[in-house]
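**Student:** Pulled from TrEMBL, these are the listed features:
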DOMAIN    120-205  domain 'Proteasome activator PA28 C-terminal'
REGION    207-234  region 'Disordered'
COMPBIAS  209-221  compositional bias 'Low complexity'
COMPBIAS  223-234  compositional bias 'Basic and acidic residues'
DOMAIN    249-299  domain 'Proteasome activator PA28 C-terminal'
Amino acid sequence: MSSTDALCCSDFPPMNDAICSSLFQPIEGCAATSVYPRCSVVKKISRPQATNPKDLFFSLNPMSSSYSTTVVASGAVLLSTLSQRAMHIQALLQQHVSERVPSKLRVRFAQAVLAAPSAVGSNTDVQGLVTIVGDEIAQLLSALQLLQLWIQLQVPKVEDGNNFGVEVQKYAYVHLKESHEKWQKTWDSLAEYCSLRATAVEKLNMKASSESSTTTTVTSSKGGKEGDEEKSVTAKVEKQSHTGSQVAADALAAVVELDVKWYMNLVRALEGVRDQYAVTDDVISKNKEKIELPRGKNDRAGFNMF
């Protein structure tokens with residue numbers, strides 16, 4: 001066995017047999033072959049000559065070439081839908097946001113809590129917005145991530161001069177990256193609402209307590225011709241009290257204010273998603289030519305390395 005030969009004892013499933021058979025050949029007379037049927041010698045591969053680093057990379061990684069083509073095509077399709085997505089968010093706002101005045105929201109939410117103070121349910125208005133905003137942010141994050149990769153795969157190889165287009169690519173990429181980080185934090189914070197509200201509701205104690213007691217007084221007297229006489233007098237005293245009325249008022253306000261705060265923040269978040277689509281569409285559309293052809297039509301994007 002020459003120094004360029006190597007042993008490969010693979011346990012991959014049959015789906016990789018085609019790949020293995022094209023790269024490996026059996027070792028004649030190798031004792032290990034009887035124990036490990038796939039024990040073989042790596043065939044010498046003649047690597048194609050490529051002057052372009054990207055061509056060399058993809059010639060050795062054909063799956064990467066196919067994936068890159070798919071990403072670039074998907075990115076172009078996504079760009080054509082950004083304005084439509086912004087209009088979709090605007091339609092959601094008109095459909096699900098009927099009130100934007102905090103004082104009116106405060107009255108509405110307080111009435112809902114007072115309707116059943118001992119068994120406060122979830123706020124359907126806020127909970128509905130949490131669901132909608134969560135879905136839209138998740139979709140926005142996927143879009144921003146795809147567009148980042150779309151730009152990265154079109155960055156040309158590093159050369160001296162004529163790098164203005166690369167700077168434009170970097171500007172657009174930074175916009176997408178910072179936007180993605182901001183919306184990821186917003187997404188992560190959505191889970192806090194249920195936790196904070198559960199704590200506030202737990203402190204809301206508006207249960208009325210009643211206290212009653214019964215007192216019985218028995219008096220007896222004896223003597224005279226009338227014989228023995230026994231009198232019994234029964235008195236019942238009942239007291240009612242409402243415990244913790246001041247604490248309950250504060251607890252009520254805490255729940256209501258939390259709901260108002262999150263409702264308004266979620267509305268602003270949904271508006272932000274709408275505006276993010278519009279701004280991203282504007283940034284990329286104005287610089288699309290430089291992003292796709294950073295060095296002009298005669299120099300397609302090369303091997304990317306940000």
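All residue numbers here begin at 1 and follow the chain in the order shown.
Cβ coordinates are placed from backbone N, Cα and C, and glycine is handled just like the others.
Whatever TrEMBL says is automated annotation, not expert-curated.
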**Student:** So, by DSSP, how many helix, strand and coil residues make up the domain 'Proteasome activator PA28 C-terminal' (120-205)?
**Tutor:** 66 helix, 0 strand, 20 coil
**Student:** Under DSSP, the domain 'Proteasome activator PA28 C-terminal' (249-299) has how many residues in helix, strand and coil?
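**Tutor:** Here the numbers are 43 helix, 0 strand, 8 coil.
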**Student:** In the predicted model, what is the mean pLDDT computed over the domain 'Proteasome activator PA28 C-terminal' (120-205)?
**Tutor:** 94
